[in-house]
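Q: To start, I am sharing the structure in question, which I have written as structure tokens.
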Amino acid sequence: MSLPNSSCLLEDKMCEGNKTTMASPQLMPLVVVLSTICLVTVGLNLLVLYAVRSERKLHTVGNLYIVSLSVADLIVGAVVMPMNILYLLMSKWSLGRPLCLFWLSMDYVASTASIFSVFILCIDRYRSVQQPLRYLKYRTKTRASATILGAWFLSFLWVIPILGWNHFMQQTSVRREDKCETDFYDVTWFKVMTAIINFYLPTLLMLWFYAKIYKAVRQHCQHRELINRSLPSFSEIKLRPENPKGDAKKPGKESPWEVLKRKPKDAGGGSVLKSPSQTPKEMKSPVVFSQEDDREVDKLYCFPLDIVHMQAAAEGSSRDYVAVNRSHGQLKTDEQGLNTHGASEISEDQMLGDSQSFSRTDSDTTTETAPGKGKLRSGSNTGLDYIKFTWKRLRSHSRQYVSGLHMNRERKAAKQLGFIMAAFILCWIPYFIFFMVIAFCKNCCNEHLHMFTIWLGYINSTLNPLIYPLCNENFKKTFKRILHIRS
């Protein structure tokens, strides 16, 4: 996955003493292990690509970068690893110069593309967290695809020095036909410069970006926690009836519900509110949660004013609540408590569209009673105020709920990126530390340690597809469906 990669093991003069006999018995257990890693790498990355292709929920902009990373890892597992194993079994390269150049090109290109894929994935997560609204308009599949193509184009620039080094630079050493090596294998300044550009600089930038992402997500979570303490949940936004035990209340401390329930008297001493036997009619003031295409997602209807009288006053029940019945689109009194199931069924995909708005369609509020039952007077301003108060709290909580879903998604994405970066750095930093040492100390090469660091870097291509289902529920479900694994 690096610029100066696995080929250094067999190409550099500093590791010139690395010789193995053909099919040595001591190498066979190692070959079996490395071949298993190779097969697992290919299988897992093919599984990732098939999962993204077959599952619509995975057709997101962010997963385009995952696809790019999987393609690079697939090349490592399908081309680079097998030829490295083959070269390990041979005492010299006997497959010809063209095949050698092909292997070196795939090694350098795939390694660089893997690094750049992680890098642009990190930038995407950073902008999604730091500039959510501005980046939302910019974050399209077309732009993401163009960015990925740009990363691969830069990676393919490695073909130029691999195939044409002698056309641009003077040859300083004699090429050895029995070894597969680049023409710049002994050019220390070039290898150090490319190592810095390909690994050290992107890694430092990714660490800086991820520190910013972690800080932003943490601040958002803390902010949301403070908001949640001051806002009721959906289950708490319900109209509580009067205490059936008749607990005494201090003057001036009556709740809006109690004020609403108190029967005002008209001039004749009669009750303004109608009797419990009267059938209430719903107040036509729908609240519409709408998306950009004006598709109606859900409706919550305000309760009718004449429900205020309630059976609670007539029957003495303390369990009468006003509940939203989503299936009929109207309010019903439910003796089991407030039904919030309809609100909780709004899926995250519905609530988290690229652009959402909350709009309220107000109409003239009219309440009628059945013929001969009398009419509700306009003296229920207190009740209407309580309706408005409840609606404002509900709408405020709904916005925070949507914001919470968005932050949960970003937090999961940040977690996934964190695991990918951790695996990337832990797998490749040993190789690059060792590489910088032997770049300046040609006699400091230990062939076994060098080989270990190279294959540790290759194992990063095996670990990446294991990280996705661990951090993404959609990947996990899709993998289980494809592999026919029952939960």
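Cβ atoms are placed via backbone N, Cα and C, with glycine included.
Pasting the feature list from Swiss-Prot:
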TOPO_DOM  1-29  topological domain 'Extracellular'
CARBOHYD  N5  N-linked glycosylation site
CARBOHYD  N18  N-linked glycosylation site
TRANSMEM  30-50  transmembrane segment
TOPO_DOM  51-64  topological domain 'Cytoplasmic'
TRANSMEM  65-89  transmembrane segment
TOPO_DOM  90-97  topological domain 'Extracellular'
TRANSMEM  98-123  transmembrane segment
DISULFID  C100-C180  disulfide bond
REGION    107-112  region 'Important for agonist binding'
BINDING   D107, T112, N198, Y431  histamine binding site
TOPO_DOM  124-144  topological domain 'Cytoplasmic'
MOD_RES   T140  phosphothreonine
MOD_RES   T142  phosphothreonine
TRANSMEM  145-164  transmembrane segment
TOPO_DOM  165-188  topological domain 'Extracellular'
TRANSMEM  189-211  transmembrane segment
TOPO_DOM  212-416  topological domain 'Cytoplasmic'
REGION    238-291  region 'Disordered'
MOD_RES   T279  phosphothreonine
REGION    345-379  region 'Disordered'
TRANSMEM  417-440  transmembrane segment
REGION    424-428  region 'Important for agonist binding'
TOPO_DOM  441-446  topological domain 'Extracellular'
DISULFID  C441-C444  disulfide bond
TRANSMEM  447-469  transmembrane segment
TOPO_DOM  470-487  topological domain 'Cytoplasmic'
Q: Where the distance is taken from Cα to Cα, which of the recorded positions C100, D107, T112, C180 turns out closest to C444 (disulfide bond)?
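A: Of the recorded positions C100, D107, T112, C180, C180 has its Cα closest to that of C444 (disulfide bond).
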Q: So of all those recorded positions, C100, T140, T142, C441, which one's Cα sits nearest to D107 (histamine binding site)?
A: C100
Q: Measuring Cα to Cα, tell me the gap between C100 (disulfide bond) and Y431 (histamine binding site) in whole angstrom.
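A: Distance (Cα to Cα, whole Å): 22 Å.
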Q: Between the Cα atoms of C180 (disulfide bond) and T112 (histamine binding site), find the distance and write it as a whole number of Å.
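A: C180 (disulfide bond) to T112 (histamine binding site), Cα-Cα distance: 20 Å.
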Q: Could you check which of the recorded positions T140, T142, C441 is the closest Cα neighbour of N198 (histamine binding site)?
A: C441
Q: Which one of these recorded positions, T112, T140, T142, N198, has the sparsest Cβ neighbourhood, judged by other Cβ atoms within 10 angstroms?
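A: Ranked by other Cβ atoms within 10 Å, the recorded positions T112, T140, T142, N198 bottom out at T142.
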Q: Using a 10 Å radius around its CB, how many other CB atoms surround C100 (disulfide bond)?
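A: That number is 21.
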Q: What's the CA to CA span in angstrom from T112 (histamine binding site) over to C441 (disulfide bond)?
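A: Approximately 25 Å lies between the Cα of T112 (histamine binding site) and that of C441 (disulfide bond).
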Q: Going by C-alpha distance, which of the recorded positions T140, T142, C441 is nearest to Y431 (histamine binding site)?
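A: Its closest listed neighbour, by Cα, is C441.
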Q: Cα-Cα, whole number of Å: T142 (phosphothreonine) versus C441 (disulfide bond)?
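A: That separation, Cα to Cα, works out to 47 Å.
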Q: Would you measure the largest Cα separation among D107, T112, N198, Y431 for the histamine site and round it to whole Å?
A: 15
Q: To the nearest whole angstrom, state the Cα distance for the pair T140 (phosphothreonine) and C441 (disulfide bond).
A: 48
